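Participant: Before anything else, here's the structure in question.
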């Protein structure tokens, strides 16, 4: 034993065995990276108010995962949304979700009293007025106002107009059937691509279209998704662009059909495409989805704020009303020109046809083609989308948003109203004392409006976000702290849960069908590092190493960055992690 004790330790052999590749060590390294990344986010929030965005979805192993994002205004005046983690929940009851949230808040040292907004989708367990998650949080903190995700509400609007009349519902069914028929086989898919290529070459040679960088790219029909109606707009636009090519592929499908069913289906789809009603509805839907798709893209921006979102909805409503009142003639002309170009028979608008669902032989109600297309399709679609937008976005008329709208800087603060802004402060009595509301705030508001209307750089502000940044840059957030506090509270309110939904896109990359045994902790740490990669890249390696070393006593230690020159120990460890995972 004495001889063994006296034997010198082979340090070189020990370092060669210290590879840091075991699963437990790799998990702790990833944990250290994620915790240091999250620490940067929590430190950036500091003592500021913030809002919460939550959504749930299943992962590859059929586990219900709840993703959480915090929205706050940083020290430079920018509205920031940061992912803080994902949590496996046993069930989706509001009480279970609330308990999981409390655990996350406790882990990160966040206080529910600083919460000033909630953003969820329309699920009953989230938005329930009496037992939903938003109600449980409001019972604990009455200033955490709930905003239903604007992008989700817009999605419901578009779904409603797709089902508003039987003609439009039939149209979407035919579109889906055409796309499926054309893309049913590799042969059909290749034929469509080749036919479109030949058409583009022919149009370039004839001078109908012009070449240029980014123009005339190879494309194909996209199968529209049921949960993302923006894909329908893309599909319909490509449908018009590839009209001749689609007809050519359907004709080939008819001629090469293996059975009567396939031949009948292809022939029926050709007849549908070459009907005036199909072309008319196609042009109407593209016009409407074009307006809603543009609005949807704006609502899903990370830096979007509630004032601009409400304004965009109002602009969209006015545009749709203008189409309803004045857009018929132009739409009919576009449809007619398209039909003439593609040799589609034009109906006489004064001829009569039986109303849909009525028999001519039994003396059913008769309509002219004009009445059919103008009143039963065009007006019904426009009326339906306008009604749905007004009903779904009823929040625009709430007292909270009416008051916040007074901070809109456009047109030299045309909506500015001191009384409503004082009412807004009274809704946040936890952030403003009675003395500040009664004696200080009105004076600061008077000074603020006189100052910004006279200052040229403020006149150029076109939304609330740029106003907050400009106030910080000119130190007016220090001179007028109560006014800046109101602007900050308005910016904190969530607009859409797009940031949370993007987190679930990361899940499909990190936790795949081949790697569906990944544990909840490993998934959470990996997602934090992946989604907040910009912050993770700036975290000091030594901070990660110190945290990793503090987890437990180890025989060997990772070298500090200062001791290894320009190489990054953590980068190497993360590469080893990727290799171990693969």
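The first residue you see is number 1, and the count goes up from there.
The backbone N, Cα and C atoms fix where each Cβ goes, and this holds for glycine too.
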Participant: Could you tell me which of the ranges 535-558, 559-582 is annotated in TrEMBL as region 'Disordered'?
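Facilitator: Per TrEMBL, the stretch marked region 'Disordered' is 559-582.
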Participant: Taking helix as H, G and I and strand as E and B in DSSP, count the residues of the domain 'DUF4371' (14-132) in helix, strand and coil.
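Facilitator: The counts are 49 helix, 35 strand, 35 coil.
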Participant: Which whole number is the mean pLDDT over the domain 'DUF4371' (14-132)?
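Facilitator: Summing pLDDT over the domain 'DUF4371' (14-132) and dividing by its length gives 89.
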